[in-house]
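Student: Take a look at the following structure, please.
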Amino acid sequence: MSNSNQPLLSKPKSLKHKNLCLVLSFVAILGSVAFFTAQLISVNTNNNDDSLLTTSQICHGAHDQDSCQALLSEFTTLSLSKLNRLDLLHVFLKNSVWRLESTMTMVSEARIRSNGVRDKAGFADCEEMMDVSKDRMMSSMEELRGGNYNLESYSNVHTWLSSVLTNYMTCLESISDVSVNSKQIVKPQLEDLVSRARVALAIFVSVLPARDDLKMIISNRFPSWLTALDRKLLESSPKTLKVTANVVVAKDGTGKFKTVNEAVAAAPENSNTRYVIYVKKGVYKETIDIGKKKKNLMLVGDGKDATIITGSLNVIDGSTTFRSATVAANGDGFMAQDIWFQNTAGPAKHQAVALRVSADQTVINRCRIDAYQDTLYTHTLRQFYRDSYITGTVDFIFGNSAVVFQNCDIVARNPGAGQKNMLTAQGREDQNQNTAISIQKCKITASSDLAPVKGSVKTFLGRPWKLYSRTVIMQSFIDNHIDPAGWFPWDGEFALSTLYYGEYANTGPGADTSKRVNWKGFKVIKDSKEAEQFTVAKLIQGGLWLKPTGVTFQEWL
């Protein structure tokens, strides 16, 4: 760690450089406001669409209505009382991209000039988060271009804009422990980006057609966004899948590569077709970061107890939570089957992630994911887990994706001294995000080391990591290691009235809801239509992308 009194720019000319940056930024902001206001005037004078709302109407559902209206006022003039919402969103996103690029430069300079491993790691996280956020905003503008919108388009944009806000918040979390001088230069710009991401979501939600806000389409066994080929792959016999793999990884030299990292590096970038890496039985001590350009990559092993990818990065030893993952997937369309993802850092090392997924339309099938605190980081976007075995202690399924778990074993372990087990810590930051954790037809049990001492160790279904945390447990078996209260607060009254925690049609000795918490945000779901909002079909639009993968899934209840 660098000294907290160490200035970011240590040379005498640094103050001039800093002041010059601030002046240039101010001038550029003024210029951008004028430019984008002019663009908006042009758009509105040529468009008499009936999708017009005042700024107060657009901001009605915003996290902070005053902030929303203040930011939108940059794009209005006294002669304009109404705005075309889609045009406004497009212009607003263009402006946000410009501001993001400016902030990226500042963050990059802060990383270069910072001292200490933790500082550099935090800023590196931010650079990555802003880079992918730019991509998501550009994709959103392209998706809505031309006026040919459908439910898939709306679902895509809602998911992508939700991820942008989460990325910015992840960035702020990663730099929370960096030196004060380094942080104070970039934090105001990052907080401005957060505000703009919230406004973009508010504008978009005001555009949404009348429909369920968690519209998802999944049928049969997998989400519908899986292609026919992907579905065939997941339904293929292990032998067939291994024979047809593009490359083989084997520690004994019988494959093309000896490490998974080598195989990932050799995989094509931005591939439109599935690229399969077969990883033979063995223990692979590697930290693997699958970049955003490694799209449609699939890792296949010899079984969730045979092919093991293991690491031990953790927060106590200097990593950020984001960077501690043994395997991190950032390329859209990521799939994994018959693999064991492991982080062996142990409970004393605090946050230590086994698998982090920041990739859209991800499928994890028949895998094992083992660690203690923060085992599985379902960071952003749409994810589906089937027939997998997940273990941990504190907040061991966490993040802010739209994620469904089906037919999984969710197993609490014996934690460190004085710790309580929390199965989930969902991180929804804004009421307009379409994110949630849905656990359907799973088994929630205690591990062999926890079962004998479960009377002395408190285990809960989850706690609210963020203000609008949203988690549903439905049609699952809940064993008696779960505390009768069911859920646990994060910090006092925080989020207890704004969260959404639901339980529906569960079984087992721990499923009794008579002694559950009486928070405003908790409810025992009685109506199947309400529960359906958290199915594969509605939460992750599974019907659009899971079918082609071949993975088994249940579309509805």
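The backbone N, Cα and C atoms fix where each Cβ goes, and this holds for glycine too.
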Student: For the substrate site, Swiss-Prot lists Thr321, Arg463, Trp465; sort out which one of Gln351, Gln431, Gln433, Gln440 goes with them.
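Tutor: Of the residues offered, the record points to Gln351.
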Student: When DSSP states are folded down to helix, strand and coil, where does Arg463 (substrate binding site) land?
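Tutor: The three-state answer is coil.
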Student: At the level of the C-alpha atoms, what whole-angstrom distance separates Gln373 (site 'Transition state stabilizer') and Gln351 (substrate binding site)?
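Tutor: The separation of the Cα atoms works out to 5 Å.
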Student: Within 10 Å of Asp374 (active site, proton donor) (Cα-Cα), which of the binding-site residues Thr321, Gln351, Arg463, Trp465?
Tutor: Thr321, Gln351
Student: Using a Cβ cut-off under 8 Å and a sequence separation of 6 or more, which residues in the same chain sit near Gln351 (substrate binding site)?
Tutor: Asn314, Val315, Thr321, Ser324, Gln373, Asp374
Student: Please name the residue among the recorded positions Thr321, Gln373 whose C-beta has the most neighbouring C-beta atoms within 10 angstroms.
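Tutor: Per the Cβ count within 10 Å, the most buried is Gln373.
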Student: Suppose we draw a 10 Å sphere around the Cβ of Asp374 (active site, proton donor). How many other Cβ atoms does it contain, all chains included?
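Tutor: There are 28 such Cβ atoms around Asp374 (active site, proton donor).
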Student: With every protein chain in view, how many other Cβ atoms are within 10 Å of the Cβ of Arg463 (substrate binding site)?
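Tutor: That number is 25.
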Student: Including all protein chains displayed, how many Cβ atoms other than that of Trp465 (substrate binding site) lie within 10 Å of its Cβ?
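Tutor: Result for Trp465 (substrate binding site): 21 other Cβ atoms within 10 Å.
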